[in-house]
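Trainee: Here's the feature list from TrEMBL:
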type: TRANSMEM; residues: A:93-115; note: transmembrane segment
type: TRANSMEM; residues: A:174-192; note: transmembrane segment
type: TRANSMEM; residues: A:265-286; note: transmembrane segment
type: TRANSMEM; residues: A:341-361; note: transmembrane segment
type: DOMAIN; residues: A:414-529; note: domain 'TMC'
type: TRANSMEM; residues: A:534-555; note: transmembrane segment
type: TRANSMEM; residues: A:595-615; note: transmembrane segment
Amino acid sequence: MIANVKCKPWKMEKKIEVLREAKKFVSENEGALGKGKGKRWFAFKMMMSKKWAKFLRDFENFKAACVPWENKIKAIESQFGSSVASYFLFLRWMYGVNMVLFILTFSLIMLPEYLWGLPYGSLPRKTVPRAEEASAANFGVLYDFNGLAQYSVLFYGYYDNKRTIGWLNFRLPLSYFLVGIMCIGYSFVVVLKAMTKNIGDDGGGDDNTFNFSWKVFCSWDYLIGNPETADNKFNSITMNFKEAITEERAAQVEENVHLIRFLRFLANFFVFLTLGASGYLIFWAVKRSQEFAQQDPDTLGWWEKNEMNMVMSLLGMFCPTLFDLFAELEDYHPLIALKWLLGRIFALLLGNLYVFILALMDEINNKIEEEKHVKANITLWEANMIKAYNASLSGNTTGPPFFVHPADVPRGPCWETMVGQEFVRLTVSDVLTTYVTILIGDFLRACFVRFCNYCWCWDLEYGYPSYTEFDISGNVLALIFNQGMIWMGSFFAPSLPGINILRLHTSMYFQCWAVMCCNVPEARVFKASRSNNFYLGMLLLILFLSTMPVLYMIVSLPPSFDCGPFSGKNRMFEVIGETLENDFPSWMAKILRQLSNPGLVIAVVLVMALTIYYLNATAKGQKAANLDLKKKMKMQALENKMRNKKMAAARAECRSLQPVDSNFLSLPEDQKSSFPSSSKVMTHVKFQRTSFGEQLLCSTLDGIPDVFINEGCLSPPRARKISMLL
Amino acid sequence: MGRCGGDRQAEHLPTRWPQLLDPGTLEAVVLTMGSKQTVFTREQLEEYQDCTFFTRKEIMRLFYRYQDLAPQLVPLDYTGCPAVKVPYELIGSMPELKDNPFRQRIAQVFSDDGDGHMTLDNFLDMFSVMSEMAPRDLKAYYAFKIYDFNNDDYICAWDLEQTVTRLTRGELSAEEVSLVCEKVLDEADSDHDGRLSLEDFRNMILRAPDFLSTFHIRI
């Protein structure tokens, strides 16, 4: 009772009275039982539980305070509504995921190699080759991630394949492999967790039961204490209502079916043409870049060198606008049109991605072929060196000691580093394209509209071009695909998560500024999904599609023979076997070898498949039962409504009975006016007091109870007067 | 047995409650004596802590906020339970409330006479209910009272119209406002009497995912 008094909806005085009585009661009884010691233990327990509750609350406050950019997102929310803010929330969530990936790769791969591995220049793989040394520190070379950047912890090729390094005996190759797998695993877990959390939010898709009620009663944020924010909130609430009303009304529009169907067919035809053209363009750019690769790098301009990346970025920029244009023909409901647009952009970007991967696989195969030639050359070179060494030993003893500088050793092509470099370059060019687009497309346009409006023929702000709206779907898809790149490339370039962190960080600030400064809120706001699950689903798909090539490469391609932590092995995953052999006690190795017996593995896979099937069937059954129950509830509610309507009708008839002297009843005006005379007789008057007023119940000849609801001022004397009347 | 009886030494020794004089409580008394607050008696503070969701520090902070609203009016010594009411205009000008379109209703609901002038008890009550520790049920009850503009214990169409108009600052047309009110009654009025009772309202609001986070004032 004492603990619950604060939860009662009473005035303070009443609460304090009740509290005092309860305390008196408690202390009297405890005094009677004479439990002095027990009381102290009880008090101690209470104190500990209070302290624990306080600690939990403080911790929650701390956690909430740690979340970055909360104010920025709130400001955007208040000005643009929740759908634009959802992009920034998504960006922040990605930032968190990438932060974990960065911490994993940095602390378990890059830092150990930097601290305990052999330094730059000590091994051939860690040194810039003599031929490139002159230009190794040029900005142009570094920008391409060649030169000094290539021979550093940023890329795969730098790492040594020694089994343990440093005084801690840190097993770097094992760590590299495991961190790579863990990154992928962690990403899957985190995306799936987010999706399952949001499934609960979706409420089984039946969120429309209290749509307007929630908008009316839950939309004002009582935390607002700033007049500008309040203004923003009022605007956003108004917009929200208008959008909801439009949605209500849009359900009632007629269409001309045949024309619509023809236009939609035409629009889809154009979209196919565009997708085909984009695919061909990328294919052509790949062929051209292969030609350029044969030529001497110095004869190529900037465009030729970066043609592939630029073509992909530009396609990603312009094709969605084309799709938007074609969607004008289709005339779908905005929500459906949004879904079609997203699907088409997704297909475009997916096509781009896979053409890119095909090009890469081509390159990799070329490099592997080249390796064979280089291996042959190296054996020759080594033979020469040995001859020279022997000669120096047996010949002049006063000459300088025989020494081969690591920079002079001929190098094998390192396909993993090449893959890493491609992804890093693609990410960087993507970032630049995005920022330049925002600057030119949004900022310069806004400046132009704002300042040239004074001296222009038509109103720039309302007509064309006007300010840009924030393109939520385009930005979210770009974010998703960039993340796909990161997942693909981070095994071969451990620095990629770090670069991405930097990119997301600056993106956040830059885009927040751009949104607040250059964009206007959309006129019609339709979210692709209430709970973000649509975008998370796409993210999951991209995650799956990006890890497939990586896993394929790990499992089936031989690592380069002279660079990276797996050099010398036949396949990269052999590092696991090696660790099991050498580092674990022999009995464990035996057990694990038994476990990897094919028969056992097949049995486990079968059991997992059966479990999945069973869980799926259960889930389906439960969903069906859920829908059934909902249907029943709806029927029940309908029935109740019908019954209440009947009662209301009967009430109206009952009201038609005229009392002899209406002064005795203090009924509100609307009830008074509906008092025509009638022949029905009220047989029975019951007086009931309820907590919120007093109700007068009367029943008619039909036996249907009727209700006069009074404003709480009907006192017993009055009720008696009524019964006398009747 | 008033808590503000004439016993002026109440802040130093709990002579009224001899059964509390066991060692545990003496410690508490010593600690309180070291804290130098002279606004409330120890019992008053404890009672406030039991009746609201605030800790001792927060209650003192709230008292000083209340006192700041009307320094001339509010005495610094509440051991005698002075009957002081701060007028609504000063309450409504608090930074936490001044941009809220429902601030008048909030003050009216929590004040003794429904006129918006609040005593310290009302003030503490108000912020306790609006704090984030208050449970859903309690908030739902008070939200119902706040949105019931004509105090007839039902949210009728007129109440809804008032709410929507204040929410949109008059930007919606009359037709749109009445459409919204119709839809709300359609959705939430389960006994189909044309207005929302407390039960209807509770039924609807307790399922709202963002009710708790929006119906919250931080002070």
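Using the three backbone atoms N, Cα and C, a Cβ is placed for every residue, glycine included.
Because TrEMBL annotations are produced automatically, they should be read as predictions rather than curated entries.
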Trainee: Are the transmembrane segment (A:534-555) and the transmembrane segment (A:265-286) close enough to be called in contact, which here means at least 3 C-beta pairs under 8 A that are separated by 6 or more residues?
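Mentor: Judged by the Cβ rule, the two regions do not touch, with the required three close pairs absent.
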Trainee: Going through A:174-192, A:265-286, A:595-615 one by one, which has the most CB pairs that fall under 8 Å from the transmembrane segment (A:93-115)?
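Mentor: The stretch with the most close Cβ contacts to the transmembrane segment (A:93-115) is A:174-192.
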Trainee: For the domain 'TMC' (A:414-529), what is the mean per-residue pLDDT, to the nearest integer?
Mentor: 83
Trainee: Within the domain 'TMC' (A:414-529), count helix residues (DSSP H, G, I), strand residues (E, B) and coil residues, in that order.
Mentor: 82 helix, 4 strand, 30 coil
